[in-house]
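Peer 1: For A:Gln40, A:Leu41, A:Arg42, A:Glu43, A:Lys44, A:Asn72, A:Ser111, A:Lys140, the entry in TrEMBL reads 4-amino-2-methyl-5-(diphosphooxymethyl)pyrimidine binding site. Sequence annotations record features per position, and here TrEMBL assigns Mg(2+) binding site to A:Asp73, A:Asp92. According to TrEMBL, the domain 'Thiamine phosphate synthase/TenI' annotation covers A:10-191.
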2 protein chains.
Amino acid sequence: MPKPIPDYSLYVITGESFSKGRSTEDVIRQAILGGATVIQLREKEYCGKELIRVGKLLRDMTREMGVTFIVNDRVDVAFAVDADGVHLGQDDLPIEVARQILGPDKIVGISAGNMDEVLAAQARGADYVGLGPVFATGTKSDAGEAVGLDLVKQVCARATIPVVGIGGIKANNAAQVIEAGAAGVSVITAVVSADDVTEAARQLRHQIDLAKGLKG
Amino acid sequence: MPKPIPDYSLYVITGESFSKGRSTEDVIRQAILGGATVIQLREKEYCGKELIRVGKLLRDMTREMGVTFIVNDRVDVAFAVDADGVHLGQDDLPIEVARQILGPDKIVGISAGNMDEVLAAQARGADYVGLGPVFATGTKSDAGEAVGLDLVKQVCARATIPVVGIGGIKANNAAQVIEAGAAGVSVITAVVSADDVTEAARQLRHQIDLAKGLKG
C-alpha cells in the first residue's frame, strides 16, 4: 500500500526569532487552529536537546490536532521525536541517509530552486519538493533570487510528486501559487509574525481553498 | 562478545578554525602519523553536506590507518559515514536515540563535567566519558571552570567505563591526567594548532605512553 500523501495546503515553518517573543508551541497551536495542515520545526540555532524538547511538544500537538509534522535538516531529531518526516536542503544530508534512518514510511522533502533540483530530488525518491523562493523574501538571507510563478508552472507540469511553493508567500499571492499547480504553500513570517496568528493562517487557508476550488 | 574497547590514549578533535589554514584532512593525517589513536570530527559551523564530505574523508583515512573515528553531536552524520561512534554533549541528543540509530556495536561517548554526569552517562550505557575541562582552556568558551586533577582521580576511581580527560591538556601536563587514572587525553589546539602537527602528537603520545608505563 503506498503511503498516504499529506495535505500540503498550508505548510507552516516555525521561526522563534520571528515570533515576537511568543513561544513556538503557542504560535503553532494557533496556526493549526487557523488551518495549517503541515508544521515544520526549523530552528537552526537550537542545540539537539532543545530540538528534542520542542520537537516532542510539537509532535504531541500535531498528532492530537491531526496535522503532519516534519523536522528540518536533523534526521536524528526526526527519528528521536517520531516526526512524520524530514525536510532536507540541498546542503543537508543526502536523501538516502534519511531513508535508511527513518525507513520507507516517513516523508522526505527536499528544497529545490530550479527544475534540475526538482527532477533530481524526484529521481532519488523524495516525497515532495519545496520550490522557491517563489517571490522575494527577507526571511532566508541565503535563499537566492525569486524563481517566479512561471517556474512553478513548469515544475508542476513535469513533476510527479507534490510541489510546495515557498518564499514571500502571503494571503494576497497564495492563490497564484496554487493556480500555478502547487499542492500547497509554505510560510514562516506570514503566519508566525502575525499579530493574530490564527486569523493569518485562516486567511491564507481561505485563499488556498478558494484557488483549489474547495470553496465556492 | 563484548565490543572491543578502543585505545583512547591520544584523542584528537578536529578544529578547522584552529588549524592555521591547513585542511582538516591534512592536519588529521599528520596527527595520526604522530600517534593519535582516536579522531573526532567536530565542526559546529559545518552544514550537513560538508560534515558528510569531510566525515567520509576522515572515515576512509582512519580505517586505513587503523584508528577510531567518532563524530560529534550529529548521530545522523555518524550513521551516514559509518563512523565508529558518536560523541554527545549534555545538550545534544539523548544517548538512547544514538543507540537506536547506530545500534549496539557503535561507541557512544558523553561529555561530563562532574561526578553526577559521569555516573548518569555510565548508567545510561555510555561507552566512555570525556571529563573536563581538566585545566583552564580557551578553545571552548562554554566549557565552564576547570574541574582539576582531583576530580579526575575521584571519577576514575568510581567509573567502570574509560574516562578521557579534556581541556587545556598539553605535552607538559598530559602525564598527570593519565596518572590520575584517565584512559587517555583529548586535545584540539595542542595538536591541530601546532606548527608541526606530527611532532606535537608524537610528544603528547610519548608522555602518555610513559605515564602508562608503556615506555621505560
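Note that Cβ sites are derived from N, Cα and C of the backbone, with glycine treated the same way.
The model shown is predicted, which means the values in this text are computed figures rather than measured ones.
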Peer 1: Given a 10 Å Cβ-Cβ cut-off, pick out the one of the binding-site residues A:Arg42, A:Lys44 that has the most other Cβ atoms nearby.
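Peer 2: Result of the Cβ crowding comparison: A:Arg42.
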Peer 1: In the predicted model, what is the mean pLDDT computed over the domain 'Thiamine phosphate synthase/TenI' (A:10-191)?
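Peer 2: Average per-residue pLDDT within the domain 'Thiamine phosphate synthase/TenI' (A:10-191): 95.
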Peer 1: I'd like the Cβ neighbour count for A:Asp73 (Mg(2+) binding site), meaning other Cβ atoms within 10 Å of its Cβ, all protein chains included.
Peer 2: 23
Peer 1: Return the binding-site residues from the list A:Gln40, A:Leu41, A:Arg42, A:Glu43, A:Asp92 for which some CB of chain B is under 8 Å from the residue's own CB; sequence order; 'none' if the set is empty.
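Peer 2: Near chain B - Cβ to Cβ under 8 Å - we find A:Asp92.
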Peer 1: Among all protein chains shown, how many Cβ atoms are found within 10 Å of the Cβ of A:Asp92 (Mg(2+) binding site), not counting that one?
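Peer 2: Result for A:Asp92 (Mg(2+) binding site): 23 other Cβ atoms within 10 Å.
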Peer 1: With DSSP assignments reduced to helix, strand and coil, which class does A:Asn72 (4-amino-2-methyl-5-(diphosphooxymethyl)pyrimidine binding site) get?
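Peer 2: Looking at the DSSP assignment, A:Asn72 (4-amino-2-methyl-5-(diphosphooxymethyl)pyrimidine binding site) belongs to a strand.
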Peer 1: Where A:Arg42 (4-amino-2-methyl-5-(diphosphooxymethyl)pyrimidine binding site) and A:Asp73 (Mg(2+) binding site) are concerned, what is their Cα separation in Å, rounded?
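Peer 2: Just about 8 Å between their Cα atoms.
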Peer 1: Please tell me which one of the binding-site residues listed here (A:Leu41, A:Glu43, A:Asn72) sits closest to A:Asp92 (Mg(2+) binding site), measuring Cα to Cα?
Peer 2: A:Asn72
Peer 1: How big is the gap, in Å, between the Cα of A:Asp73 (Mg(2+) binding site) and that of A:Lys44 (4-amino-2-methyl-5-(diphosphooxymethyl)pyrimidine binding site), rounded to a whole number?
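Peer 2: A:Asp73 (Mg(2+) binding site) to A:Lys44 (4-amino-2-methyl-5-(diphosphooxymethyl)pyrimidine binding site), Cα-Cα distance: 9 Å.
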Peer 1: In which DSSP state, out of helix, strand and coil, do we find A:Lys44 (4-amino-2-methyl-5-(diphosphooxymethyl)pyrimidine binding site)?
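Peer 2: The residue in question, A:Lys44 (4-amino-2-methyl-5-(diphosphooxymethyl)pyrimidine binding site), is coil (DSSP, three-state).
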Peer 1: Near A:Glu43 (4-amino-2-methyl-5-(diphosphooxymethyl)pyrimidine binding site), how many other Cβ atoms are within 10 Å of its Cβ?
Peer 2: 20
